[in-house]
Amino acid sequence: MIVGLEEIGQRASTGALPGWDQVDVLVDDAYRFALRGTGGAVADYIPALAQADPDLFGVAVAQVDGGLHAVGDVDVAFSIQSISKAFVYALVCQNFGHEQVMARIGVNNTGLAFDSVIAIELNDGHPMNPMVNAGAIAATALMPGSTPGERWEAIQTGLSAFAGRALALDDEVYRSETATNQRNRAIARLLESYRRIDTDPLDAVDVYTRQCSLLVTAKDLAVMAATLADGGVNPVTGRRVVSATVCRDTLAVLATSGLYERSGEWLFDIGLPGKSGVAGGIMAVSPGKAGIGTYAPRLDPAGNSVRGQLATAHLSRALGLNIFASDAAVSPGG
Ligand code: GLN
C-alpha cells in the first residue's frame, strides 16, 4: 500500500484534464510527493543496470493534444526493459488480431514473478500473458519478419513510431543481459517443449533482449503512453501507429498484468493501465487524456520503481485519472 495517498484529493475521472497551468503545478507536486520514496534498490541481476545513479528521478505527462509537462531528469536515457512488452504486444495484435493473440498468448495474470518458470508449468505450458517474460518472448517470436533481423527491425521501427523519434540500442545493457539471461533462455526452451513458439527459441530471446535494451527517456515513455491513450495516434507526430481496437486490447492486458504480481495493488491504488521495467521506468495510460512516463531506478521487491509508483499515484488522484473514480451525475437532492 502507498502511504500518504489519502491526503491527496481524488478528482473523478469523468471529464477533461484540468487546464494547462494547473497540470504543470500538479506534475511538480507529484514529483515532490514522490521524493519521500527513499527506499528500494537499483536492479543488479543485469550487471550493467547496477551502474545507474539511484537518485535520478524524472516525471513527464504527455497530453493527447500533444502538450508535454516535465519535471526532473526527464531527458536521461535508460533501457526500456519490460515496458517494451506492451508495445510489442500492440504491434503483434495489429498483425494477428485479437482472437489469435488471445489464444496463443493469453490475457490472465499469473500471480507470480515476471520471470516465473512455475507459472508456465502450472498452466500446461501456456505463457499466460504478454507482460511476463514467457508471453513476451512468445509475442516477440510472433512479430512479422522471416529472420530474427527482420523481426528486430520491425520492433525497433514500431517502438520508435510510438515514441515519435528513432530509438537506439544500449549495446552495453544488451551485452550484459545476453551474458546473464540463462533464465530467459530456459523459459524459451520450455515454451518450445510445449510447442508454444514457432521460431528458434534462442533467436526469440535475442530479439527480446534487444527490445529490452532500447534507450528511452521519461519524456519518451510519456509520449509512447499518450499514443496508447490517443487511440493509437502519436499526439506529437500525428501519425497512426496502431488501431484504436489494438490500444483497447493492450490497455486491458496492462490493467491485469502490467505490474506483474502487484497488478491488483497498483490498480487499487492508482486505477490506470500501466507497465514497469527493471531499469526504473514506469508508464501509465489515461485513455483519452494523457500518458505518464517516470524514471527512478530504485525498485521495490517486485521490480517496480518506488518513486515512479508514488508520482503516478499522486497524478492519478490530483489529475482525476483513476478510471474507477466517478462523481454522481446528479447530486442528491439537486
Ligand atoms: N530484460 C528483463 C528480463 O527479461 C526485463 C524484465 C523487467 O523489466 N521486468 O529479465
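Using N, Cα and C of the backbone, Cβ positions are placed for all residues, glycine too.
Annotation source TrEMBL lists substrate binding site at Ser82, Asn133, Glu177, Asn184, Tyr208, Tyr260, Val278.
The Cβ of Asn184 (substrate binding site) has 24 neighbouring Cβ atoms from other residues within 10 Å, across all protein chains displayed. For ligand 1, the neighbouring binding-site residues among Ser82, Asn133, Tyr260 are Ser82, Asn133, by Cβ distance under 6 Å.
Within its own chain, Val278 (substrate binding site) has Ala43, Tyr45, Ile46, Leu49, Gln81, Ser82, Leu299, Gly303 as residues 6 or more apart in sequence whose C-beta sits under 8 angstroms from its own. The local packing around Tyr260 (substrate binding site), expressed as other Cβ atoms within 10 Å of its Cβ over all shown chains, amounts to 24. DSSP classifies Ser82 (substrate binding site) as coil under the three-state reduction.
In the structure as shown, the Cβ atom of Ser82 (substrate binding site) sits within 10 Å of 26 other Cβ atoms. Within the same chain, the residues at least 6 positions away from Asn133 (substrate binding site) whose Cβ sits under 8 Å from its Cβ are Phe114, Asp115, Arg183, Asn184, Ile187, Tyr208, listed in sequence order. Taking a C-beta cut-off of under 8 angstroms and a sequence separation of 6 or more, Glu177 (substrate binding site) has the following same-chain neighbours: Ile46, Ala48, Thr209, Cys212, Ser213. In this structure the residues listed as binding substrate are Ser82, Asn133, Glu177, Asn184, Tyr208, Tyr260, Val278; their two most distant Cα atoms lie 20 Å apart.
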